[in-house]
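Straight from Swiss-Prot, the features:
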type   : residues : note
REGION : 4-87     : region 'Ubiquitin-like (UBL) domain'
REPEAT : 99-136   : repeat 'WD 1'
REPEAT : 138-180  : repeat 'WD 2'
REPEAT : 187-226  : repeat 'WD 3'
REGION : 221-244  : region 'Disordered'
REPEAT : 255-293  : repeat 'WD 4'
REPEAT : 295-334  : repeat 'WD 5'
REPEAT : 340-380  : repeat 'WD 6'
REPEAT : 384-422  : repeat 'WD 7'
Amino acid sequence: MSQLQTRFFTDNKKYSVDDVPFSIPAASEVQELSNVINKLLEAKNGSRSQIEFDFLVQGQFLRTSLSNHMEAEGISTEDVVEIEYVERFTAPQPEECMMHDDWISSVEADSEWILTGSYDKTAKIWSLEGKAVMTVAGHTDVVKDVAWVKRDGLTSLLLTASLDQTILLWEWNSERNKLKARHCCRGHAGSVDTIATDPTRTKFCSGSWDKMLKIWSAVATEEEEEEEEPPSRPRKKQKTEQLGLTRTPLMTLSGHNEAVSSVLWLDSEEICSASWDHTIRLWDAETGSVKTSLTGSKVFNHISYSPLCRRLASGSTDRHVRLWDPRSKDGSLVLLSLTSHSGWVTAVKWAPSHEHQLVSGSLDNLVKLWDTRSCKAPLYDVSAHEDKVLCVDWTDSRLMLSGGADNKLYTYRYTACETDAGA
């Protein structure tokens, strides 16, 4: 078929065209369609424009000719083809580069500050402009994960988790730039590799090489708690005096058969964890019982949850990013696989304000930006790092971040959410 009957539509009122059928060549690709829309806009508005657009047919981005796409997707050419168009997403633009003295294991940023953890045994607080504001030194071994707890005016609470089997709860005053360790959380019998603060900002959960998850209070108090010695393995001897008052867990969640690699809260009552035992588990935060188990075929390195699309993204040792419905009754059903990395996927993070987009980092040195409506290839490869990518983040203020084995943390500005949200 040489011609197709099409109808174009968009959510962005600024670029809307008349809702009537058009006859266009079946061999048209993205550039030709973009030219068509620009000509229609010129005729409608009287102003010449050259906007780059992307096109979706039945919810999937067009990456080939219309006829090839429709044949591959099994779409009838007899009916009028509904084609959605959006302004093309621009590539993430590198902004700042920050350095640690060793690998950067973790990053969590918000609208004001960036928090990083490193194999140099420290965490650091940075301004969004890349200025080192505070070095958080207190662990005797590698810092594996970091998390903000809450901000109350000029005072912030933050967490650092370490290979030294402890988690430190810190209080930082940004005006005076003073830092104090409030609590040393003890109870794990292995490296603490992952931490996550709950939505109420009063508790946090940790996951460890010892296969356990533990829930702790995130409220700073003046009380010392009696430490319980791990029954199975003796704790490492302390080389230095402990920072902060001892804190013990509120609850231990036992069920994984290998190391816990990633943990998050779906809401204030549900915890989700990923493990080297090839499972992702949902836990009841009140009772500590397992509610659901999702089974994969490889080690899980990292997970991220989007409340917008209610999907879980996972990164594994077989180079695939996979999407799951965490509340599915069929615990092994993968909704979508995103395949482009050539190494282990070490980190994944959903866009906080875009239900279709996520970012991934890998041992192949690349950060990839994905849109789930274009699952055959990423939107962009970001190749800033010279070594393994170990962590990624994406903030509400549309800042993307990545850290890696080149000791560097990069920030990138990405504005897709603005152009895709409508006028």
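Positions of Cβ are set from backbone N, Cα and C atoms, glycine also.
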- Note on the structure: Lying 6 or more residues past either end of the repeat 'WD 7' (384-422) yet within Cβ distance under 8 Å of it, the residues of that chain are 11-14, 86-87, 89-90, 92-111, 114, 116, 118, 126, 128, 130, 343, 346-354, 357-367, 369
- Same-chain Cβ contacts of the repeat 'WD 6' (340-380) under 8 Å, 6 or more residues past its ends? 56, 59-61, 63, 89, 91-92, 301-306, 308-309, 311, 313-321, 323, 386-396, 398, 400, 402, 404, 414, 416-417, 420
- What same-chain residues lie close to the repeat 'WD 1' (99-136): Cβ under 8 Å, and 6 or more beyond its ends? 142-148, 151, 156, 158, 160-162, 170, 172, 174, 177, 179, 390-393, 395-397, 399, 401-405, 407-409, 411
